[in-house]
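The structure appears right after this line, and notes come after that.
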Amino acid sequence: MSLVKILSNGTDTHLPKRIILVRHGECTANADINVYGTTPNHKIELTEKGIEQAKQTGIRIKKLISENDNNWKVFFYVSPAERTRRTLREIGGSFPKRRVMGVKEEYRLRELNFGNYHDPASIGKIKKERETYGRFYYRVPGGETGAEVYDRISMCFRGTFMAYPSDHRSSSRGTVRFVLVLVGLFLVIYVVTPPTLRHSKALSSCPPCFCDCEEDPMFSPIDILNSSLADCGKNDPQLNEEMKKDIATLLAEEINLQKNVTDDVLNRTKALIMSAKRASSHYQKESEKCNIGIDTCEGGREKAEAALIEERKLSALWETRAIESGWKD
């Protein structure tokens, strides 16, 4: 059954009562960073400790959403990685099947792409370079930027939630809860939206946890102010100050951010065009050289053919005179 059918009932649209974000349990790469150099990121597995963390988290989430509600339901979303899928399997053990409305593996919820294999030395170098360049815009060699991850997040969440009538967005009292089992950096980029992201220095992955936030202003105008997760930054003075900004300020910052992203893309496009023009000019010059060479060869061939014809004429003349003089073959 599709999510739209689950959330829609005729013209009346119901939004989830609560969204719970869960980071996967401890994985082998958390315990040993060298794993990144030998195992593809999406195949990294949980440790025994991570499996137990996932089980306990499932118990806590079930208790959280079942309190004071006899009609609760849950819909699970999971990032496409072995460690997140295993975390979901362990969490799901706490939920009766009749309470689970659906499970979906959403590829837009995947981890920030760090490229392929990395040894510890290269990871350390990348982290230092990212700090000086800026975490949101830094592109890991062979990977993607935080800005590109944010674009994925926006498309995913707008497609899932924001397509419904605005008069239902902040007033829903439905029974459905969403549980999203995610990877660490994806969760960070979603919780800390761009206006707060570029001011924050502490953007490391959180420990395995869930985020219990108020459901009442669940959605904000055009998904700019992430007020559904405001208390996630309440213990950080810098983030807390950002959360208090009015919507006009945040809109201005968001527009400026989008302009910077557009300018960055435009500059990279211009650089690619210039590179293509240089390559085209180089090939054109080489082609002209070849054409000159061909013309030279063609001229030489024509001259040789003309000389050969003259030689044959002269040879025939002498042969005729020799015959006339009595020469016999």
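The backbone N, Cα and C atoms fix where each Cβ goes, and this holds for glycine too.
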Binding-site annotation, TrEMBL, substrate: partner of ARG23, HIS24, GLY25, GLU26, CYS27, THR28, ALA29, ASN30 in ARG60, ARG83: ARG83
Among ARG23, HIS24, ARG83, which are recorded positions, the residue with the most C-beta atoms within 10 angstroms of its C-beta: HIS24
Among CYS27, ALA29, the one of these binding-site residues whose Cβ has the fewest neighbouring Cβ atoms within 10 Å: ALA29
Most Cβ neighbours inside 10 Å, all chains, among the recorded positions GLY25, GLU111: GLY25
DSSP three-state assignment (helix, strand or coil) for ALA29 (substrate binding site): helix
